[in-house]
Amino acid sequence: MVSKSIVALAACVAMCVAQPVEKMPVLKDQPAEVLFRESQATVLECVTENGDKDVKYSWQKDGKEFKWQEHNIAQRKDEGSLVFLKPEAKDEGQYRCFAESAAGVATSHIISFRRTYMVVPTTFKTVEKKPVEGSWLKLECSIPEGYPKPTIVWRKQLGEDESIADSILARRITQSPEGDLYFTSVEKEDVSESYKYVCAAKSPAIDGDVPLVGYTIKSLEKNTNQKNGELVPMYVSNDMIAKAGDVTMIYCMYGGVPMAYPNWFKDGKDVNGKPSDRITRHNRTSGKRLFIKETLLEDQGTFTCDVNNEVGKPQKHSVKLTVVSGPRFTKKPEKQVIAKQGQDFVIPCEVSALPAAPVSWTFNAKPISGSRVVASPSGLTIKGIQKSDKGYYGCQAHNEHGDAYAETLVIVA
């Protein structure tokens with residue numbers, strides 16, 4: 001009797017579990033953000049994976065119906081993809097695509113359409129520096145306004161010839177996240193009559209680098225300081241908030257001779273790591289930067305750098321790292337599944353977020369309702385699923401740090 005019950009239960013589980021089916025209209029994945037340059041044609045893609053013909057597409061912008069025909073926009077044939085012919089600032093917004101077919105109404109996740117730009121300085125100047133030999137030095141470089149935030153690169157360049165330039169890889173020299181260049185000590189090898197240190201900005205808004213400022217070091221002042229070995233804080237990170245999934249860099253830069261190699265600890269535990277580790281001090285900064293390749297929620301805590309060059313007084317600096325997270329799926333449904341009529345059917349959808357992100361469900365692009373559907377932290381249960389329940393089910397979560405959307409097409413057999 002027990003054996004028969006087990007067999008019957010196994011059969012029920014097999015029938016209730018989602019199974020692959022013949023492909024029907026399912027939207028291709030889209031990027032969460034699309035950047036555009038003003039007046040440069042840009043595409044917001046929306047198309048089914050198989051390029052299905054009998055699909056009617058529509059769009060929303062910032063939560064409202066978007067009539068693209070009233071704008072300088074074209075639509076690709078047999079797709080919902082929009083081609084912004086000459087996009088401008090007013091085209092920025094949060095877009096969403098809908099694809100209606102015999103299977104129901106499929107919905108894309110929200111696509112952020114943003115203008116990329118950078119405010120380019122009108123002048124370039126070269127500043128001559130004459131630092132004290134063996135002292136620490138800061139070469140300033142302000143990051144221009146722009147979106148996304150421009151990237152700063154430093155190079156050692158021969159005069160005005162940008163084609164003759166080298167990357168700066170000296171252990172004593174490290175760039176801060178604000179774009180400034182720091183020398184733990186300036187030495188004779190840094191002096192040159194021909195070369196200069198050039199700070200440049202890079203951005204998706206502009207082709208190539210944009211030089212911002214240059215510095216020459218043609219000579220050094222004689223050092224009369226008898227305490228040259230004392231460690232001096234040049235740049236250290238303050239308490240930080242990091243987003244899960246992002247790269248996080250914590251800085252601990254001290255000047256002094258000889259140069260110190262910071263040791264790193266998290267809540268008292270050594271996190272120096274190896275070059276291949278997710279958390280490591282080995283990233284071409286001689287330990288002055290702790291590199292977290294992918295930030296996790298469990299990285300929250302207090303990071304401390306111990307600095308000692310065996311000459312000056314040892315130094316210590318602590319940074320409190322707080323980790324937040326936009327919604328991230330820990331479990332989500334397949335894009336297309338089949339359910340057996342009459343059985344209870346579960347659509348899995350589990351989300352991790354900090355702070356917590358409420359989950360909402362849609363059916364064919366509308367808020368879901370009905371006494372036979374029950375939402376839980378692990379997913380959506382449809383009791384006694386029927387043919388009329390065929391369609392697209394969307395699981396969406398949102399908090400102040402982002403949003404996530406997953407959708408599945410349920411076919412009832």
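Each Cβ is built from the backbone N, Cα and C atoms, and glycine gets one as well.
Among C97, C199, the one Swiss-Prot lists as the disulfide partner of C141 is C199. A disulfide bond in Swiss-Prot ties C305 to one cysteine from C252, C349, and that cysteine is C252. Each of C97, C349, C395 is a candidate, yet Swiss-Prot gives the disulfide link of C46 to C97.
Comparing C-alpha positions, C349 (disulfide bond) sits nearest to C97 among the recorded positions C46, C97, C141, C199, N283. In this structure, the CA atom of C46 (disulfide bond) is 48 Å away from the CA atom of C305 (disulfide bond). All chains included, 15 other C-beta atoms sit within 10 angstroms of the C-beta of N283 (N-linked glycosylation site). Within its own chain, C252 (disulfide bond) has V236, S237, P262, W264, G287, K288, R289, L290, C305, V307, H317 as residues 6 or more apart in sequence whose C-beta sits under 8 angstroms from its own.
Note on the domain 'Ig-like C2-type 1' (25-112): mean pLDDT across this stretch is 97. A 10 Å cutoff on Cβ-Cβ distances gives C305 (disulfide bond) a total of 26 other Cβ atoms nearby, all chains included.
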